[in-house]
Structure formats: structure tokens, C-alpha cells
């Protein structure tokens, strides 16, 4: 696993290197993530594997009908998301792509953006890329969305007037109350959090962070959070995909 890497040039020297959130956790939490038998997030991967083979929707298909064994068909997928979808003409997150497959290929209902089923399926797909370097594109048709996400990252929100950068760029390594601030990398999402004992999606974390500034937050799956995910994911280019990771 690559848990530290040179900072991408487009970070303009704001970080000397990029660091996985794993480095900011206790030895005990790190050990939980290392061992798949101890990692509580793997329970949800197993659940999603059952769902993968389950027929759902009007077309009589399962995920496996098109994609067979996820160990083969999904290898490398998580590492490049969010990405541009030329047919739809938009930047898509992994959750958006999963719902598109459910609706258009399976004739099934969309899952809630951060629902248990969705987050578990994201974890199953992500684990097939574990150890591979994050390699999210920021140029070409995604450039405008990436710039939108960058602007959000440095914008102060809420009564506390805090930006993402205030915590995760200016103060990583410090403590805010009992929380050891990381760089806010999302290479480990979905994340099993010991705090709430469940698997958490990146947009759940975004929502919580904005709420903590005492601001009205955006909705998971909103264009704003899609742009922010693209930008934040690119800040971790070069780190390994870790999902499902374990955090406090």
C-alpha cells in the first residue's frame, strides 16, 4: 500500500507530500484495516457480493449478467472515478454509474445515493482496485468541473467561516477536540467509521464537514458534491486505493 506519495504538481506547493488518512490513526485502527478478517468493512463487501449475483428489475438481470466476476471486471475501476461519461456528457461518480446500470440495464429502481446497498456495492467494486494508485483525470472535458470543485475546497462556509483547506491543508496533523486532522484524502472510501459503526460514503463525510461549519449543506449526489469529489479525489492521485478502510 502506498500511504504517502509526492504531491501532484497542480497542488501548487500547498502540500509537501500527500498522506493517507491511515497514517493519522492509532496502531489498533491501522491493524483493523490490515486484516480482512478483522476489518469490519468487509462484512459489507460480502453482502454486496451476494447482491452482485441477485437478479433485480424488469430485465431479469443481475450485475453479474453483464460483468461476471467483479475480481476481473471491476479491477482498476475505483482508481479512476469520478470520470467523464461521454454518452451522458457529464462527470460521473461511481455511485452515479451504479445507479445508471441499475436503471438502464437492469430495469431496477435506483438506490439512495448513500444508502446501505449503494455504499456496500461501492465497497465491493473498490476492493477490486485495492493497492492500485488513484489516477483521476483532471483535464479535457472534466476540467470545468474540477475547477468548480477546487473553488469549493478553498471557499469558507458557515458561521465558523471554514474551508476544506483550513482543516485539511493548513492544520493536518493537529487536533481539533479529540479528532486528529488528516489531509482529508478519500482514497479509502467507502470508510468504516468506528464512531458510527457503519460504512460511510464520501458524500456523507462531505455533508458532515459542511454541517460542522454551521452552514446549510449540499445533498449527496448534488452537482456541488460531485465536483468536490472529483477535486478531492485528484488530490490523492498516487496514493493506493484502500477501501474499505477503517477510521475513527
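Backbone N, Cα and C atoms are what each Cβ position is placed from, and that goes for glycine too.
Between the candidates 101, 209, TrEMBL assigns the heme c 2 site shared with 164, 167, 168 to 209. In the three-state DSSP classification, residue 101 (heme c 1 binding site) falls within a helix. Cβ crowding, taken as the number of other Cβ atoms within 10 Å, peaks at 63 among the binding-site residues 63, 164, 167, 209. Excluding the listed site residues 63, 66, 67, 101, the same chain places 61, 62, 64, 65, 73, 105, 106 with Cβ atoms within 8 Å of the centre of the heme c 1 site Cβ atoms.
Here the binding-site residues are 66, 101, and the one whose Cβ sees the fewest other Cβ atoms within 10 Å is 66.
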